[in-house]
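Trainee: Dropping a structure here in structure tokens format, bear with me for questions.
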Amino acid sequence: MAFASLIERQRIRLLLALLFGACGTLAFSPYDVWPAAIISLMGLQALTFNRRPLQSAAIGFCWGFGLFGSGINWVYVSIATFGGMPGPVNIFLVVLLAAYLSLYTGLFAGVLSRLWPKTTWLRVAIAAPALWQVTEFLRGWVLTGFPWLQFGYSQIDGPLKGLAPIMGVEAINFLLMMVSGLLALALVKRNWRPLVVAVVLFALPFPLRYIQWFTPQPEKTIQVSMVQGDIPQSLKWDGDQLLNTLKIYYNATAPLMGKSSLIIWPESAITDLEINQQPFLKALDGELRDKGSSLVTGIVDARLNKQNRYDTYNTIITLGKGAPYSYESADRYNKNHLVPFGEFVPLESILRPLAPFFDLPMSSFSRGPYIQPPLSLNGIQLTAAICYEIILGEQVRDNFRPDTDYLLTISNDAWFGKSIGPWQHFQMARMRALELARPLLRSTNNGITAVIGPQGEIQAMIPQFTREVLTTNVTPTTGLTPYARTGNWPLWVLTALFGFAAVLMSLRARKH
């Protein structure tokens, strides 16, 4: 009785919401405790039972603050190290980001309790998953979006991973919310029926993991080398270090020419404008072609636009076997989805003078097109994504082609030091390989550099914070997963059906 009385207090529920939210961080890499996702979502649903809408919204906000406060506090590393602002301001900015993201979980909980106030199957199994899909979409879209810490990623090695090639990671989010709600209902109502349904729903997708949606092409196996330069972020954009950086990458690459078919350098490995490096690029291109190798590298490009101003791009270019390198070559990729404050500054004229954090090196990039052709290197087709873009499943899928041999992502996570951020980023990259059934080549400045197999498994990787080269044989695959064919459309149809049914059944219940 004492516990029951205690749990009814709103303050206790707010505290528990913080704890359940923080627990959710354990579901993601590097911890990879996937049951924590279910426990965290169970807590969110159970704590909002029998609460007024504003009370539920507060619980949802606190739950989100626990999740994002613990799960994305790694942004503090870059702000504190490179932001040039006092410590309290750095902490405030991290808290502000966590609070902003928590608005969406607060919105979910508040609307759920407003429209479906009764603790029923309708609320937990039909309304909650549909509403969660909508609020998670908003979190990934409003103000360019930040779809980090979606619980579907926790299943990259879990029982539900077989759902990803069929309907994508967001479908796993949907099912996790449904299962968690049913478990919460079973616990609160002390009823075994929701428990049985939850177990059945959770078990049904398990056999899907054994379906192979791809066909390996062993005759097209190539040796790939990815150079991890481990250039400190504090030195990366120092002009005096440019020559040394080029030497590091060239010296690591020279022994690989003629041995590895494909050599990959990470995001902005060449820390200079492409136009300034024409002699170096043409000489390197000639050497690569003479020895029969191809190279992909990140670089910065600036092009004169129609307004007679320069647009600066975060770019991938190709060198080596095939047609000679040309600055006018269309075989390049320009990053489309830019990171706020890292690659562009909103309200630039106001914010840039305020603090160094708003005036970081290379924070005035322009966007490339949303859809871009694959990179083509001597018959190898690469669907590319730079850094943050790899977490955008729908965008990667929209750029994917049936003849894609590999997914490619290059990144620089040196901004975030030894935090958990790079591991979360890596986990999300693995999901793209699973969704599209293609090997993924991930080349980074200081880790995590790895080759991911077409089922999301880690085939090869090298340690973080080392100057090293990952060399391994990689076999491309062919075939289209259902998700590659349809994207998120089936899930949105399901969301619409669930939402319509939930509203209709709620209206009928109120009439009676």
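Heads up, the Cβ atoms here are built off N, Cα and C, so glycines get one too.
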Trainee: If you check the topology given in Swiss-Prot, are GLY83 and LYS511 found on the same side of the membrane?
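Mentor: No, Swiss-Prot places GLY83 and LYS511 on opposite sides of the membrane.
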Trainee: How big is the gap, in Å, between the Cα of GLU267 (active site, proton acceptor) and that of CYS387 (active site, nucleophile), rounded to a whole number?
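Mentor: Pair distance, Cα basis, whole Å: 7 Å.
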Trainee: In the same chain, which residue numbers or ranges, 6 or more beyond the ends of the topological domain 'Cytoplasmic' (51-56), come under 8 angstroms Cβ to Cβ?
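Mentor: Distal contacts: 10, 13, 109-114, 117.
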Trainee: Rounded to a whole angstrom, what is the C-alpha distance between CYS387 (active site, nucleophile) and LYS335 (active site)?
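Mentor: That separation, Cα to Cα, works out to 9 Å.
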Trainee: When each of 12-28, 34-50, 124-144, 168-188 is checked against the transmembrane segment (487-507) for Cβ pairs under 8 Å, which one has the most?
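Mentor: Between the candidates 12-28, 34-50, 124-144, 168-188, the best contact partner of the transmembrane segment (487-507) is 124-144.
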Trainee: Let me spell it out: take the topological domain 'Cytoplasmic' (189-193), skip the flanking residues so only those 6+ beyond its ends count, and list any with a Cβ under 8 Å from a Cβ in it.
Mentor: 119
